[in-house]
């Protein structure tokens, strides 16, 4: 009966909550702030801001000093939106603490406390101030005595009529706490009138006090005395977090005291500390916990020192560490909220509901920032505030508690309409209706109630779980939810699919670099389901869409084979084929081992090096899955072409050998070494080169070759040889040893040539007869000693130039462009000079200054044809003998005139006729110009079309017959013959083979005319000339 009454009471509330589910609580956008209002300001209104969001829009109330403001009773206060406007503010009525309250159907929130104060400063009294008399050297304090005020003040002093304020220094100080002016030691220049100026920043007003006269006494000068501290800071100062703290300390004394500061706990002053010019003010900006402690001011001079000290105590208003959050609970549930705030001193906590203090009772308990409400009912809904307060400030954390009571409802969270599972799989169908309190759940399959079994389970959250699903489990399932407020139900269908199976998985493979392989991945699956294949390599997805090099997916819908083309060492690893459907994810993995040539050996070092050997060590590189079988050592020098393999000890370096001796090196040569490894797959990349090292020096062991010489001047022996390459010089200080003696002599003469690049030595001696034979040997040496000598060669000494000129010189022109020069050979002997050949000189007038050229012939040749001459031109020629010493005297010059130029016009109007194997040709006689040679005859040049060999027929007539087998096309051209040479040729004529002609014809060619003519019984064909 009691439960029934509860339901009767709750039903209206439940209906109301259903309509309010879309309401949102008020949240402050803008809260009132502390205001110090200047009384003298002409503005006649104060605005305390307050704005809140929420749906529906909140309405506002205000409290002053804890009492609601009744806006209906006065026009002095009015609402401007949510803000409070105070017209014609008055100190006696309006000063105090204000709070804004924002309310909508969800609840009420209370704003922070805002303090309203009024800033002012009254005028100084107008009565005169007493004169202050001091001795020179004495300290003095001039009192300001500010008038009644409220708000922060600042102080300045002026001296006499000077508009500038008195500047502070070590001797003078204006306290911003008391406003007094302190002069540590009075000087004669200080005498005069002093005026105090006071400014109230909040009140926007400054006032000026009456002047204070300062006069100097005449009864002597003040002697020295120890400092007397007149400005002290309090013994205890409360300093807020992040505030700027200023401590003042100033002393009178003679001499003027020095001010210094320190911390009594011995810790250094914070780096952020600032000092005034006079050191009388210590400022600590952004005050923090670590800045609190005891501070001491020390004032000292020659007469002594004095101290002032005080304690800075850190305080901080509350700051939230943990706030409460909006909470939605079911009726009869329990609420637990906790809020935490930091602060110094530690804050205390108060709880409010809808702006009013929350009273504790049996269900509602509060303790140290926690709130517990048991057996919640709908009336507990509202806006709650946790207030954290210490003596410096109060802060609020706000949250909504919404207590829900409703019958089960599936409208927002129905059962999934279609659930799909595979045979043998497990399926969970969720049932999560909105129900307050929580509903009891039952299930139906079709129209029958479902019971739990070994495969069917009802989970705690109401879900239905079916294990090891069979095809018979398919069908419609309904979830029925019930609580004391009613019931609800929701249905869905279960569809059972066949399982997916990987029928051909990838398998382990062992492959060689450069091969192409296919990793299979084939499945059987339910035909109604799509299958997605994804391949992974060492855990990373292979993105085939981006066209990754080497990888390609091949196969059809049920085949996900992966082809790897030109496989590389980096492709060794694990390959995972995943098969995904909407219901499951299968995978199969295979290891691929890629074998390749070894990687480069590492850490190649030269342990020792001699003149011809080097000891090397190295570490093997990766074997790339195939054991290393052999190492090879290669060297490179500045003289070699690339890297060369070298001989080693041991001769064969197997895969377990990591050091060897290189032999056969050249002394005094810079070498680099590298090591190459090989295995069954091939030869790998070489190692990095070793450091560049030079073999030790040694005596040169290679003698020069091609020992030769001869020539030169009379009384000279010229010896030549092929220089020794730098890589065979074996050390520094390299040079050549020249040994020679006359044939028949037993004594060798010896000379040294120190130039490395030398390949020639000249020995001079007036006693040497021309063409005297010498035995010659050439050797080598360096700083290590003398090396090998070459074999003996015979070299002749220098000779004289020929002394005789050729006789019987003649010249004859054969054409327009060449001539032939003839002479008689010289019968020479040792006294007349050896003749190695002759030199022909030719020119165009009787002076050799117009020399055109010279041509040499060797041996006993006595004629020379000279070509490339100008036509119809007189040429002169002479001949002289030469040998290794030079040329002899020239023969007397002879001359000849070259022939005129050959005809420039080619034969024209060429006609031909062909009968059997006989070709008849006719053409017009060529007429020459005056400067051209007369036509002596004609040349017919003919060849088969596909052959390059040309046949020539000469005739003095303007016709010719050719007897040739015309089995193929012939190409024919005709040119003139004259004393000046052959003239211009006609255009090339193509004579077609017999089989291509229907009868016999005549071809007639003119530059611009083509015509057809009958000759006897033959046809005439006009054929275009071929392009040359």
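Cβ from N, Cα, C; glycine included.
Sequence annotations record features per position, and here Swiss-Prot assigns disulfide bond to 50-100, 144-196, 249-297, 339-386, 431-479, 521-577. The annotation N-linked glycosylation site is assigned in Swiss-Prot to 193, 368, 377, 468, 659, 765, 860, 865, 895, 931, 956, 957 (among others). Per Swiss-Prot, the feature domain 'Ig-like C2-type 3' maps to 227-308. Annotated domain 'Fibronectin type-III 1' per Swiss-Prot: 600-698, in sequence order. Taken from Swiss-Prot, the feature domain 'Fibronectin type-III 3' covers 805-901. The compositional bias 'Polar residues' feature in Swiss-Prot is assigned to 887-902. Per Swiss-Prot, the feature domain 'Fibronectin type-III 4' maps to 902-996.
Projection of Swiss-Prot feature records onto the structure.
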residue	record	contacts (Cβ under 8 Å, 6+ apart)
144	disulfide bond	155, 157, 178, 179, 180, 181, 196, 198, 209
297	disulfide bond	229, 232, 233, 247, 249, 259, 260, 261, 282, 307, 308, 309
479	disulfide bond	410, 415, 429, 431, 433, 441, 442, 443, 462, 464, 489, 490, 491
521	disulfide bond	502, 504, 505, 506, 533, 535, 559, 560, 561, 562, 577, 579, 588
659	N-linked glycosylation site	607, 615, 616, 617, 618
765	N-linked glycosylation site	715, 717
865	N-linked glycosylation site	814, 818, 819, 820
895	N-linked glycosylation site	811, 874, 875, 876, 877
931	N-linked glycosylation site	872, 900, 901
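Most Cβ neighbours within 10 Å among the glycosylation sites 193, 368, 468, 956: this distinction goes to 193. Residue 100 (disulfide bond) and residue 377 (N-linked glycosylation site) are 28 Å apart (CA-CA, integer value). Using Cα positions, the member of the recorded positions 50, 368, 956 nearest to residue 193 (N-linked glycosylation site) is identified as 50.
Around residue 339 (disulfide bond), the C-beta neighbours below 8 angstroms that are at least 6 residues distant in the chain are 320, 322, 323, 324, 349, 369, 386, 388, 397. Under DSSP, residue 193 (N-linked glycosylation site) is assigned to a strand (E or B) in the three-state scheme. Here the domain 'Fibronectin type-III 3' (805-901) has, by DSSP, the following mix of helix, strand and coil residues: 3 helix, 52 strand, 42 coil. Put simply, 368 is the one of the glycosylation sites 368, 468, 860, 957 whose Cα lies nearest to the Cα of residue 50 (disulfide bond).
Other Cβ atoms within 10 Å of the Cβ of residue 860 (N-linked glycosylation site) number 10 in total over all chains. Note: residue 100 (disulfide bond) has non-local neighbours 31, 32, 48, 50, 60, 61, 62, 82, 84, 110, 111, i.e. same-chain residues 6+ apart with C-beta under 8 A of its own C-beta. Across the fold, the C-alpha of residue 957 (N-linked glycosylation site) and the C-alpha of residue 368 (N-linked glycosylation site) stand 143 Å from each other. Taking the Cα atom of each, residue 468 (N-linked glycosylation site) and residue 368 (N-linked glycosylation site) are about 54 angstrom apart. Summed and averaged per residue, pLDDT over the domain 'Fibronectin type-III 3' (805-901) gives 89.
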